[in-house]
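According to TrEMBL, the protein has these features:
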- 1-12: compositional bias 'Basic and acidic residues' (COMPBIAS)
- 1-21: region 'Disordered' (REGION)
- 140-160: transmembrane segment (TRANSMEM)
- 190-214: transmembrane segment (TRANSMEM)
- 226-244: transmembrane segment (TRANSMEM)
- 278-298: transmembrane segment (TRANSMEM)
Amino acid sequence: MTDIIEKPRHSETSNSSFSTRPNDMTVLGVVDFADCDQCSPYPNRWSSIRERISAPVAEFMGAFILCLLGCGGNCQANLSANKSVSASPAGNAVTSNLSWAIGLSLGVWISANHSGGHLNPAVTIAFATVRGFPWKKVPIYLLAQLLGALCGASVVYATYFNAITIVEGGSDIRTIAVSGNLFGTYAADYLPSVSAFFAEFIGSAMLITGIFMLTDKNNGPLPPGVLPVGIFFLLLGIGSALGMDTGAALNPARDLGPRILTAMVGYGSAVFNFRNQYWLWCPILGPIFGMIVAAFFYDAMLYRGSESITNRPSEEAERHHLHSCARTKPNGVAGIV
């Protein structure tokens, strides 16, 4: 390792240049550590730090993009409908759904290779419950997702602050009905509480089913880079078909992060007191329970991967496997599985 960079001798450095043998590395910054099995995977100190924090940072960035584009799409479509803001509407329900779908797709794209692209506490909990995702990683994932959603919504609020002020009628006026519902999700007036919970439960169950379907190797597998496209159509379909009743939160962080932001900037405690703590039992517990139930169902009925708890071998199957290996391996030695 100490001889990677070879210093040239004086006789070789005339005209401020030097010649090298074909395999010599003479210029800093051209060493490819990936080609050396014995080299450190971390060429400098920052790369080692980055390796340890890349997963939660990826979750933060993915959730940030999701809420930046999603809440931004809501604000543009709804605030532009006010004649004092825009002469003509700059969006509608379709563009709002597209914004959320694109936000999730890009969020998954930037984070999938580093953290798995969960961006959703309910997804993380479902994977930990059914697919063996380490529980010790769950708290940091959930915190990163929540902070990412909060920061994304904060940027949107700052961007549309003036338009919100015009629509609300003053910078000291902030109401849920006019602009607060562009950030957090709230059930429609006609919807009873049980139906609101059911809407989030079903939408979230469909989301995790689609994620499991798209990542199931027996269904493809998908070509590289296609997963975010599938996620785009998945969320677009759910939002277009099931989003009217509750706004289709489907994601505790996507709702709680922006909801905290609205409480901080003037909407007050009303964002948490709506329908007797609606924020807890509908956009948080609804997606979590919906995804866990759907994940169990998918794995029990369709999935054959060994990482699922529904496919863990029984003691009898393990004994049979070891006995079969002992008879087939050379010298009668069974391998450890």
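Backbone N, Cα and C define each Cβ position, glycine as well.
Nobody curates TrEMBL annotations by hand; they come from automatic prediction.
Comparing 140-160, 190-214, 278-298 for CB pairs under 8 angstroms to the transmembrane segment (226-244), the maximum falls on 190-214. Note on the transmembrane segment (190-214): residues 122-123, 126, 222, 227, 230-231, 234-235, 238, 242-243, 245-246, 248-250, 275-276, 278, 281-283, 285-291, 293-295, 297-299, 303 of its chain, located 6 or more positions outside it, place their CB under 8 angstroms from a CB of the stretch.
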